[in-house]
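As structure tokens, the structure follows; a few thoughts come after it.
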Amino acid sequence: MSGESARSLGKGSAPPGPVPEGSIRIYSMRFCPFAERTRLVLKAKGIRHEVININLKNKPEWFFKKNPFGLVPVLENSQGQLIYESAITCEYLDEAYPGKKLLPDDPYEKACQKMILELFSKVPSLVGSFIRSQNKEDYAGLKEEFRKEFTKLEEVLTNKKTTFFGGNSISMIDYLIWPWFERLEAMKLNECVDHTPKLKLWMAAMKEDPTVSALLTSEKDWQGFLELYLQNSPEACDYGL
């Protein structure tokens with residue numbers, strides 16, 4: 001089965017057939033923030049696509065032929081071409097498909113977006129550390145790290161004097177960093193943006209975007225997934241289905 005809410009494919013499953021002409025396939029996982037980047041771009045650009053969910057706790061053998069790292073997201077087109085690594089898949093979609101351009105044409109503005117992505121780059125690993133941390137001392141130290149990283153992003157918005165990181169409308173960089181901010185509430189980390197008012201306004205503006213709101217995961221589902229994921233349960237990726 002394919003689709004956003006289809007159960008994931010695991011070890012022993014048969015590989016899906018060829019991608020139909022005129023479509024593109026994303027190998028994804030419903031709760032993965034890296035895969036969400038690519039799903040946001042697919043939705044924002046209105047690209048016809050199918051979704052194959054992968055069980056990351058029980059990966060199918062054939063999936064390593066799609067991506068030697070065994071990670072999502074992976075894109076596969078009807079020519080059998082494979083593209084992986086989330087930021088690369090997003091740039092590919094923007095260049096390969098018509099419609100709204102999410103990356104700026106201007107080389108300097110494009111470079112600015114990539115530099116902001118570098119400024120953000122510690123946040124995903126901090127989220128991973130926070131999820132796995134076991135004691136209050138770890139929590140306190142990690143929360144301080146989050147505040148430091150968010151201050152850097154606050155400075156970008158302050159200097160730009162715009163609502164979004166690429167200007168006055170949503171662009172690629174906003175979609176690339178959003179999935180981790182979406183999860184702050186579920187992880188009880190909202191207080192880490194209390195000192196960054198412009199970042200809080202950006203988060204509120206992002207939730208108003210039709211693409212973002214269509215792909216939001218409820219706090220309950222995210223916490224349910226996380227509980228099973230930390231137990232290494234193969235059922236984690238299908239939580240709520």
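Cβ coordinates are placed from backbone N, Cα and C, and glycine is handled just like the others.
Noted in Swiss-Prot for the protein shown:
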MOD_RES   S2  N-acetylserine
DOMAIN    22-101  domain 'GST N-terminal'
ACT_SITE  C32  active site, nucleophile
MOD_RES   K57  N6-acetyllysine
BINDING   K59, V72, E85, S86  glutathione binding site
DOMAIN    106-230  domain 'GST C-terminal'
MOD_RES   S129  phosphoserine
MOD_RES   K143  N6-acetyllysine
MOD_RES   K148  N6-acetyllysine
MOD_RES   K152  N6-acetyllysine
Practice problem: Could you tell me which of these modified residues, K57, K152, has the fewest other Cβ atoms within 10 Å of its Cβ? | Solution: K152
Self-check item: Spatial neighbours, same chain, of C32 (active site, nucleophile) - Cβ under 8 Å, 6+ residues apart
Solution: L56, V72, P73
Quiz item: Taking DSSP states H, G and I as helix and E and B as strand, how many residues of the domain 'GST C-terminal' (106-230) are helix, strand and coil?
Solution: 93 helix, 2 strand, 30 coil
Quiz item: Which Cβ among the recorded positions (K59, K143, K148) has the fewest C-beta neighbours inside 10 Å?
Solution: K148
Quiz prompt | For S86 (glutathione binding site), the three-state class that DSSP assigns | solution = helix
Self-check item: C-alpha spacing of K57 (N6-acetyllysine) relative to S86 (glutathione binding site), in angstrom
Solution: 19
Quiz item: Rounded to an integer, what is the Cα-Cα distance in Å between K57 (N6-acetyllysine) and S129 (phosphoserine)?
Solution: 18
Quiz item: At the Cα level, what's the spacing in Å between K59 (glutathione binding site) and K148 (N6-acetyllysine), rounded?
Solution: 36
Exercise. Note down the number of other Cβ atoms within 10 Å of the Cβ of S86 (glutathione binding site), including every protein chain shown.
Key: 22
Self-check item: By Cα-Cα distance, the member of recorded positions E85, S129, K152 nearest K143 (N6-acetyllysine)
Solution: S129
Exercise. Identify, among the recorded positions V72, E85, S129, the residue whose Cβ has the fewest other Cβ atoms within 10 Å in this structure.
Key: S129
Exercise. Round to the nearest Å and give the CA-to-CA distance linking E85 (glutathione binding site) with the residue listed as 'phosphoserine'.
Key: 21
Quiz item: Over the domain 'GST C-terminal' (106-230), what does the predicted model average in pLDDT?
Solution: 96
